[in-house]
Amino acid sequence: MNLNSIPAFQDNYIWVLTNDEGRCVIVDPGEAAPVLKAIAEHKWMPEAIFLTHHHHDHVGGVKELLQHFPQMTVYGPAETKDKGATHLVGDGDTIRVLGEKFTLFATPGHTLGHVCYFSHPYLFCGDTLFSGGCGRLFEGTPSQMYQSLMKINSLPDDTLICCAHEYTLANIKFALSILPHDSFINEYYRKVKELRVKKQMTLPVILKNERKINLFLRTEDIDLINEINKETILQQPEARFAWLRSKKDTF
């Protein structure tokens with residue numbers, strides 16, 4: 001399997017997973033034009049689309065792509081039924097695409113129906129987890145998002161986090177505002193800054209490394225707890241997550 005990315009809009013990535021025969025699955029095509037261009041250039045044969053949630057920048061290109069490739073199956077949660085999904089999927093489902101088994105799990109928070117697709121080592125997590133951050137809570141609660149992140153955090157160390165936006169630099173700046181002396185975060189900041197100066201993408205990221213630099217995955221880390229305790233005493237990791245998310249919302 002080969003992982004490819006197509007830039008879209010200002011900071012989106014549309015992921016395309018291909019096999020050796022050129023058959024492919026397209027993840028969250030927010031617009032069709034760049035996908036059609038890449039398909040023509042690489043002579044890919046689209047077999048399926050994965051949708052993680054219903055937001056327009058993730059589903060906007062589905063109907064046009066289906067006009068060109070009507071044989072495709074479009075997998076998505078119930079909230080994407082009116083956005084082009086032809087096969088509804090949910091928590092615990094498994095599907096076979098490109099000869100590989102993908103496991104679905106619900107990750108409510110950003111939206112209530114958000115799902116992720118996992119076939120080791122690839123995790124297509126939409127707007128649930130970003131490098132250095134997590135999605136805004138447009139529909140769900142902090143508790144729901146925390147539990148969703150813990151599902152991701154339980155995956156193998158070598159999981160490749162294929163999220164949908166290039167938010168890494170801004171997220172790491174936020175992390176440094178909370179833990180300015182953290183060596184891992186500072187090192188990652190230098191690396192990410194250099195990549196972005198060169199207009200290079202910072203994704204995908206390996207979960208093992210993400211656990212070191214993403215504060216939203218470190219809610220039981222003593223350094224972070226001590227920092228939060230300077231402002232407020234929060235006993236539960238979910239409460240510390242909510243505190244972080246609130247801080248990020250106004251950063």
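Yeah, the Cβs are placed from backbone N, Cα and C, and that goes for glycine too.
Cβ neighbours within 10 Å of D127 (Zn(2+) 1 binding site), excluding its own Cβ and spanning all shown chains: 24. The Zn(2+) 1 binding site annotation in Swiss-Prot covers H53, H55, H110, D127.
According to Swiss-Prot, the feature Zn(2+) 2 binding site maps to D57, H58, D127, H165. Secondary structure at H165 (Zn(2+) 2 binding site), taken from DSSP and collapsed to helix, strand or coil, is strand. Cβ neighbour count for H165 (Zn(2+) 2 binding site) (all protein chains, 10 Å cutoff from its Cβ): 20.
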* Tell me the Cβ neighbour count for D57 (Zn(2+) 2 binding site), meaning other Cβ atoms within 10 Å of its Cβ, over all protein chains shown. => 19
* H53 (Zn(2+) 1 binding site) CB neighbourhood, other CB atoms within 10 A -> 28
* 10 Å Cβ neighbour count around H55 (Zn(2+) 1 binding site)? -> 22
* In angstrom units, rounded to an integer, how far apart are the Cα atoms of H58 (Zn(2+) 2 binding site) and H110 (Zn(2+) 1 binding site)? -> 13
